[in-house]
């Protein structure tokens, strides 16, 4: 049959006698012209490319500048394409009913489709190269197309074609679309003036795109890329090559930055405040403020959501249409709309398009809410931060606002609100969805549908009940795990003591007890989780059962496949909103609570304005405005500013301090100040602080010295009176003004040292320009250099909360250094000597205060208790009980108030005596020693790690990048297997078996439904039989749902229990070296974060993963069973899916890590600011800290934004894949054509796949991240334990061993680990029973190693120690350690009662304990405590002084009746008085015991019976002290001389 454009079966086809335009065929041909014209013009331009005339503006992305009407054009083009598809379909359907081929029915439509596609591609290219002149081609095309279509429409009208006919509708719509596109094109010409106008419009790309740092392009790309996240491809693919870091994700676009959103929200909130000003009892509404700031995007998102939900109902309707079309395939020649819509192929294509659109809208809705939520969170964080900076100090100190509350606001409340916003559109979309669903069901099945819906609605409240129970269980779990962590932390901190006293098991048991409680509450948590999962799976089964059984018995007509499968699919749609509703309601309730908390916080008291800094506090701001360039740089980039300012530094120094007219820097007149309670803490204050001199404030503890400083700084409430800051001479040049903009700011060092989480250098410089000489002078004055040298990276070491722990004295010196370094006129030091020993105090006074500050002529106010420095003061203020007692110079006071002067004198004498004692106890060296101890083990560990890493890297370089990539893309299957088996094989088998069974039953239910509905003749018996089988299957399905959800949770619990148990036991039995080398935080992390993931996150992820995977597999199996041809189409789809998940998993993991790692600094910054409020405000550095907060917030937000964009990227792709599966399933089943029931079944399953595909990938990605926790725990489980078994049985050791306490050390060699050098080499010694032995030597000589050797804490690889005739290496460790006593250098107490601390094994009587306390001189103190022996000790024994703690340790050693006591530098950290007690006790109470003392200070062992001097692991001198002292040139003698 020859092909002819107008068909062969009609002779009059080419007849034009009635006029050319009357011929249908000719009009159709005319319609071809514009399309062909467009293709001819645009193809050459597209192919030749525009390399030659690309835009003048070089933007780094090929995005940018949208022509006006950009989005409208894309939408219209897409609509046009859809209408073209309809036209093609209509043409083909009509053509099949003709006798011969009529090409003119569909060829123009196909060409139109091609042309429309080309037009949008062409437009996109013109837009990216910003060359609008070429748009003329499109303009002409729209005009021509519009004209030809209009001719066709007019022709139809003349022929009297009825409106109801499809062809007429299509043509009409086309005319409108072409007209609109023409209007859009004209608008572009109007705005851009690229033609017909003299001066074309110049345009610039948006600011964000000129900045190369912005990588988040969602707001700037074209509509198609926005909808499919095409621009993310580069990032996701590059993640495969190298990990995503902060550089790769760049900066936030301006519109999403925290500052932008903060300004929005603050304005809205201020408006709300204005509204309620007249009503004192109403508080401003944050809800309304949030709505006015972020309302529009939420509405947009809701619109998308509604569209998506309505399109979701296309699925069931199309299924019912297709299945019906199968049952009655009829031929009809007239093509009206109804006919057209009954065509099965048309329905299949419609279903595909509806799915694609629905999913696109849904993802768009998700994205918009996510973005708005992130914006809201940024704005809230900025609001909270600004409020923190203005909080009145009394609020924080009086406990109205604790740091914990502030941290909760930041970490929890803002996130609650963000999550609420994410789920917000669900609140109003769900009811609509439910109502629509019920109406459609009623249409399909009549009354019986309502039965099913009722089942769902009645079971929904149970879901809500379960959800609330879940939240409760989670809370109690959290409480227990906090308690467990506290105990674990104590164990790890005191692990050395526990091992030496052989008490590990007692403490281990107490942790296990808490863990059991935690597991019990985890069990309820798991039970409720599995119930919730069960409800979710069982409700649809129950509803379907109820519905179909009712239908079978109430209706005469049998159930049709079309009805059955459409209603099944509707039930699936209905369950989701009902399941989510409980979650959404719960979040809504939480959000309401969060908003109340926020409001309370935002309305709490604020500090007064800047009034107290003198009238001219605006001066610095004015001068900053003049030098905006300088000022902004100071905020953004520290580096350039340093160099600019260094050149001014020297000459400027002299001029910065102008001669003040008044010689008083600060004057307080008639001041009454309070801490917010209304009662004056300071009253009747009249003082002046002279300029350029040193003022000292002295007085007893608690008389208001620190409060006075804070009152001057404006931190207290002024009840009356005035603080006057003297004016500045303002004739200096303006640059000087900006240079010394800290004129009104004060350098202030608080009593409690406050450090930033930053390097030492940053802590000292504190935002000032760096000047090397000044920095060196300051660190020397505070004698920080030796401490800095100890740190692993010098002054670039991180200190602070997350950094290295420094001792109190070191922290305080850094704070003083910060105050000295700042270039301010006034310096306030609040008791800077309190944590320093005498050498340091003197050095600081001489070098820092007298030299450094006085040379600079800075005004200094010093609060101190050290009266010996009074002679240095130029002006003294003596305080008592919140009043000023005396004011004046020392001479004045000497003359006027003799009594006070004498009182001071006696105090000074007493202090001098203490000094002499103190000279011996050199605290600093001790601090440095502990620091060195803390640092160096870590360092050796990190060196070891580095070496390992280097080796690994070398190996890797051979295989090049490929192995790295393989590792990054490979799932950790091995770890997964370890996790699954740690739950036990029986449970694992049960889980797999029940899962498979459950899914087979669910498939069987649907299969049975298909066979039941496909039978034509229905008699009563058959019906009953079908219903019975159906009910049995459904019941079995429901039961299996419960069983599977329970087994998964149960398995997860068992695994969690076993992993934690093994981990705890492994760690507690680990060698001491492990604890020296592994940072405490690292071990604790395994018990906190990682255990939490194993407990609570892995089981649900695993459940969800197996469920969605099995659902997808059973669906694919079902479709392939119905239509085997589907398997062929599955291959390309499978390949696509594999690559999508592979790329996504890698990128998602990196982005998740980035999100986590950027959250911590943000939270720390908040808590840091709240702690250091007074310091920040005194320095006047609020703006710098705000800037830092905004940067941190933005960094975290961009990571989170990219993470959610990556999730959208994945979901859009898997959804489109799902849509393709539906299309192939529909087409293959139609062409194959089995009976209708199975077609319905196949399509129903294809639709479920679309929902579950992305869950498979996301759960895989989550599981991969979570398995990291299991891996980390496992890495500890492979550690060596100490060898606890001995050669001797514990029963063979005499009960009272060691009785005498005779020690023989024979040729002893000791090392810490097999691969390290020996620390003791061939040591020989003999100690008689009851001897007192002293061991001394320099640091690192092996003294402590010897003491550890007695307890076998170190590796004895040669020689032996024999105690009372038994070689200790043959004893079981527990026996050995439980029979010796030791007092350690650092006194360690545990939280619990005093009784527990002395005798955790509960073996002794009370009398024995009191006796021990009496010996340690603690009896009276303990008696005075509430509860006596049962009085509580806080964590670490913080409620006792260091000396008392050391005495407790002594009592503890006495309680254990051991004939050998070892004292390891036990007197190093205590004062003289306590030391004397200790010495006495050792001589009397331990007279009959052997005592080995390792001495820090030699004079403590002068009374010993035997002295051993060690050096580098060898014994040098070994004799009585008298003999050793008589050797003039001996080492011991030189030690004693140095110590005197």
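Note that Cβ sites are derived from N, Cα and C of the backbone, with glycine treated the same way.
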* To do: Look up transmembrane segment in TrEMBL and report which of 976-993, 994-1011, 1066-1083 it refers to.
  => 976-993
* Asked: Which stretch, out of 2-20, 135-153, is listed as transmembrane segment by TrEMBL?
  -> 135-153
* To do: From the ranges 406-428, 475-497, 498-520, grab the one TrEMBL calls transmembrane segment.
  => 406-428
* Structure fact -> In TrEMBL, of the candidate ranges 293-321, 525-553, 612-640, 641-669, the one given as transmembrane segment runs 525-553
* Structure fact -> Checking 434-460, 677-703, 704-730, 731-757 against TrEMBL, the stretch recorded as transmembrane segment is 434-460
* Range from 32-51, 72-93, 105-123, 565-589, 1118-1140 with the greatest count of C-beta pairs under 8 A to the transmembrane segment (135-153) -> 32-51
* Structure fact -> Other same-chain positions with a Cβ less than 8 Å from the transmembrane segment (105-123) and lying at least 6 residues past its termini are 5, 28-29, 31-32, 34-36, 38-39, 42-43, 45-46, 73-74, 77, 80-81, 84-85, 87-88, 91-92, 94-95, 98, 135, 137-138, 141, 145
* Contact set, same chain, for the transmembrane segment (1118-1140): CB under 8 Å, 6 or more residues outside the stretch -> 1003, 1006-1007, 1210, 1213-1214, 1217, 1220-1221, 1224-1225, 1228-1229, 1231-1232, 1234, 1238-1239, 1241-1242, 1245-1246, 1253, 1257
